[in-house]
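Listed in TrEMBL for this protein:
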- 39-58: compositional bias 'Acidic residues' (COMPBIAS)
- 67-82: compositional bias 'Acidic residues' (COMPBIAS)
- 90-103: compositional bias 'Acidic residues' (COMPBIAS)
- 120-176: compositional bias 'Acidic residues' (COMPBIAS)
- 185-202: compositional bias 'Basic residues' (COMPBIAS)
- 1-202: region 'Disordered' (REGION)
Amino acid sequence: MPRESNGRPPSRQLEATDGVLTTPSKLRPPEASPSYSEGETEAAEAEAAEAAEAEAAEAAEAKATEAEDAAIAEAEGAEATEAEAREAEAAEDEAAEAAEAETAEAAQAAEAAEAKANEAEDAEIAEAEGAEATEAEAAEAEAAEAEATEADVVETTEAEVTEAEATEAEATEASEAEAKEAKKAKVVGRSRGRRGRGRRGR
């Protein structure tokens, strides 16, 4: 390798350019040239911009996808909530209908029990009234029978008294008639005796 007067390799020699020590252009590689650096920088910037744009696009797409997933999940949650609400409302309606049916059945049972109790009470009242009526009828029949018996006794007694009075009156009349007949016979006998004595005296 050729060496300079100072003993260094030519590539390591520096030249002054605007007061800045740089490697001589003939010794610098192509990448070290200003035009190449500018192109490389522009390419790097373009590549970085593209990468940034791609990254931003990916981020935006990911964000959009995330937002879409969130919207879908929210919609599904809303649908599930609405379905749960409908199910809860249906269950509530069903429970209310069951409660109304139970209340109606209980009311019907209470009415039937009350009607049965009223019927039994009416039957007891009717039986009591029937018993009272039977007792009253029996008492009336007994009183009528007693009255009839008493009337028969009185009538029989009156008839017996009347018959006895009639018999007594007949006996009295017969006695009086016999007495009259006896008295009459006695008078007739006396008058005949007087007549016979008068005839004998003559």
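Positions of Cβ are set from backbone N, Cα and C atoms, glycine also.
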Secondary structure content, the compositional bias 'Acidic residues' (67-82) (per DSSP, counts of residues): 16 helix, 0 strand, 0 coil
Composition by DSSP (helix, strand, coil) of residues within the compositional bias 'Acidic residues' (90-103): 14 helix, 0 strand, 0 coil
